[in-house]
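J.: So Swiss-Prot lists these for the protein:
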type	residues	note
BINDING	Arg70, Ser71, Gly72, Asn83, Leu87, Ile88, Asp89, Met97	substrate binding site
Amino acid sequence: MKKIDVKILDRRICDRFPLPAYATTGSAGLDLRACIDEPMVLAPGETTLIPTGLAIHIADANLAAVILPRSGLGHKHGIVLGNLVGLIDSDYQGPLMVSVWNRGQDIFTIEPGERMAQMVFVPVVQAEFNLVESFDTSERGEGGFGHSGRQ
C-alpha cells in the first residue's frame, strides 16, 4: 500500500487535537479538523477559510487528494465546502485550508478541533485528446439522460 507523507505545521495537532486517522480499516477518508484557538461563528450564507494545521506535498504525479464535505454537517446543519469539492494536485506544496460555507438558515459555531471535512487520496489518469471523424459503434450509442428508464 502506498503511503503519503503529510507534514504537520501546527503544534496544536498532537498537543490539543488528535492526528488525522482513518476511523475504520475500510475508511477511505481522513477527517480534517479546524485548527483554531477559539470558536468561530458562521452566519447563514457566510463562507470562511479554516486552517487544518497540516501541509502536504504529494509529489507523485499518479496521485491527487480531494477534500470532501462530511455528510452529517451538510445534512444536519447545512455546512458544506465553499467550493463543494477541493482538489489538491500532486505538485502543490503548502498548507491545507478548508473553505466552509453555511448554506443553512441558522448560525453555526465551529469549535476548535471540530472535524470539518475529509481528505481522500485518489489515482490520477491524464487524458490525451485525438481529433476524430466519428466513434466506433457501441450498443448504447448516444443514449443519454434517462436512456435506461426508471424501473
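Quick reminder: no glycine exception, Cβ is built from N, Cα and C everywhere.
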J.: Inside 10 Å of the Cβ of Ser71 (substrate binding site), count up the other Cβ atoms and send me the figure.
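T.: So the number of other Cβ atoms within 10 Å of Ser71 (substrate binding site) is 10.
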J.: Which secondary structure state does DSSP assign to Ser71 (substrate binding site), in the simple three-class scheme?
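T.: The three-state answer is helix.
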J.: Is it possible to get the count of other C-beta atoms within 10 angstroms of the C-beta of Met97 (substrate binding site)?
T.: 16
J.: When you tally the Cβ atoms that lie within 10 Å of each candidate's Cβ, which of the binding-site residues (Arg70, Leu87, Asp89) has the highest tally?
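T.: Ranked by Cβ atoms within 10 Å, first place goes to Arg70.
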J.: What count of other C-beta atoms do you get within 10 angstroms of the C-beta of Ile88 (substrate binding site), across all chains shown?
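T.: For Ile88 (substrate binding site), the count of other Cβ atoms within 10 Å is 19.
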